[in-house]
């Protein structure tokens, strides 16, 4: 879940509630779903919250939510914007990263706190909506350091989002003191090494130029020339990405944060060339996109979800307290509301999301629980009943019932049992394998359960004997005839570790199980690499060969550091059906 | 008449004329004293003997007392040395006498104080004189010591015994002594003849069928001694917990679901309206499979509806996600990260046919997460998953159902904290009060499935669902601190054996 660091003094300042002490603030934040996780080294709150309200990734966003919560603000707020002076011309940009958006914010007083918050909201947006910059990446520049070209339509100034040869273009990136090419940045610069992979296989890399030259290499790093400092007053914000909607919404969240700091938002025109890749070729977009969307939701739906009757005026009130605006409309179908959604609310994508906001404003915990007045007949799945019956039988025979992991590795499942996947015996099968396992202990699903029991014996040689262990659990292997490509079975395994364990001990228990389930048991001799030759048999239940029983081979015992004999069996649970 | 062996022995050893001590009787009858005493009381209850009790003083010499019996009292040694030095005629330097007596250390003080007390002579200004008539050879304390040592304490002088106890040479304790005497009935019984009943170790089928059991006596066991360990099996504690949960849910009208552990991302994630570029869908969180890598068949119409929900949303105001959606990704196989995949399969109608409301379903099954192994997190664990399908379900119904469920496990005062899940809206994290510690703890995650989930599945009523980890419930109920001790091959057999069963 996202974590945001927030200075409580900043919160008091931005909400205008100097009287709130830290504890009150924490409690109010908890009510909003922002949980206090601890203090940062700089005495800031560390707040954790669910990843829907990404507009709360800045102290300004958190303060805005608090002001609605306190009732200081109501309804939708959309900042006014000044008309565009700057244009982003888009041409020959990489088709893998075709989209760009932007805004200008002027008149900021960038205190240390404001600068920190701006850096934080960028980082947090990169990590969430931006999908680690792959989907959207933000660049913020000191506007006074940009030298615009004359825009192609003759009015205002422009910069250009295009592509560059990664070995030719040069600029001085942030945190560096020399000119570098994009390839050098990716190879040598710390940030370049982190994010270079995103564009490493592009023929030409994303690049933004002004009249002076290259000043940003998105999504990797900005140039040093336009670095924002506490002296910066006017900012140019650009975002590039793989989805226009996503970067436009990221841009909105940043603009709202800066506007709350006293900045004045100025629109930017994004002019896609006629032959530019992507969905907007030939079109000009005015950004930021502060369009207010609407969702229509009926009073019926609100009432049925919340389980209470509501006065339409109260619905409007709850909506406003949530920072939305609701307009009541009546038709022959009943009362419904047209609800306006502010441009920073990226999480509202369906009328149900509005109902949730209304429920939160109403206070879900004020609702009285009711037990749904519908009757259904309960019952266990038949396989689960079978598994329980078999487990009860094993426990009755004195077995300790075990529960082991289904995931294991080839060494445990095969090698240490003397079995190879292509042998023709119980346990031998091509296993289900995990992609990019990060622990070598867990690389496959087990094809049988006896190796798990042997591992438990191995780990408990210091414990009392006899150790009679059993497990009923999953075993799986590759099988083309299955829809998922994997056959999944429940398997029954038992092991008797005692100084005088013999084949007869294991068979005696098998007989008892067969009798309990009224199955005919036969045990024709077989060979199995995990068992001693001449002391191993197939388990044949009602004519079908379903498992193996015998005395474990000394080499397997020694491999598992065991100093006493083990008799064991394993068979498929469905044989007992 | 037949009487148990011990009773016969006591009867025969008892006398009609005099009380006989039971310890003596026991010795004669070759019984342990406790058995003889018990037999005596049994006989008394039948009126064949009387049992009387007396309190006797019992004397034991201390180690020092025993030494003096073997040698002599220190004051006697001093007296002899004094006579040898001529102190019976005139006073002698005390040091000279002590040196000659061979007394050392604490014995010197003992000798000097008793010498004076008993009037063997006088000690004055470092000189010693001896009374020639003192006759320490007839010392009553020495006599008493010797009497006790010979078991003739009754011959000893009472004052001397007290003195010996004060000197720490003797320990006096009280002892209850029981004696038996034959009554007239007892005499009659003996005259008529009393036989010992046979004693047996093991009750046998022959004894039962022949009726001989009526005449036999069973040898007594030490019933307090520990018995041998019996190897015994027990259902795994997590299975017991799972069954407790299953029982509870079946009782609440839920039916159990069942389905594949290896499943397509389609069922695990896409049906749940998780965007394909959702951070939790990377292999860092879920186990994607190398082999098998793709499901053979997905219901085509359902795939199209799910794609449309992701791309365009559901309903006139639905927006969907601005994320890529590829069927190829949906076909990829994972180990399921949650059993909500089963809920999707059941709700789609592709598992057991179309469902009509109302329905309740659950499962308690394993799920797999690529998490860091630590005391509270395992790579595989059990998820309790449950859902209710009905017309017009409200969050109040959700609250009522879950309140009922958790109260079955002693978790009360449920709180519903509004939360966010991609697949439910509204969503709630569930918090409850721990039955033992009183702490408020997270006990689950819940919500009402979004239209974007239900509509593609063809469900046009409401479905509310919740999930929680079984291990978490177990840890709350049992206070286990490290789940690895019970689940997996690192388990400790002793801990499993010692864990109390769930009731």
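Placement of Cβ uses the backbone N, Cα and C atoms for every residue, glycine included.
Automated prediction, rather than curation, is the source of TrEMBL annotations.
What you are looking at is a predicted structure, and each value in this text was computed from that prediction instead of being measured.
Taken from TrEMBL as is:
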DOMAIN    A:290-369  domain 'B5'
BINDING   A:347, A:353, A:356, A:357  Mg(2+) binding site
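Structure coloured by features recorded in TrEMBL.
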| residue | record | Cβ neighbours (10 Å) |
| --- | --- | --- |
| A:347 | Mg(2+) binding site | 19 |
| A:353 | Mg(2+) binding site | 22 |
| A:356 | Mg(2+) binding site | 26 |
| A:357 | Mg(2+) binding site | 23 |
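If you take every residue in the domain 'B5' (A:290-369) and average the pLDDT, you get 95.
Following the DSSP three-state reduction, the secondary structure of residue A:353 (Mg(2+) binding site) is helix. Using DSSP to sort the residues of the domain 'B5' (A:290-369) gives these counts of helix, strand and coil: 33 helix, 21 strand, 26 coil.
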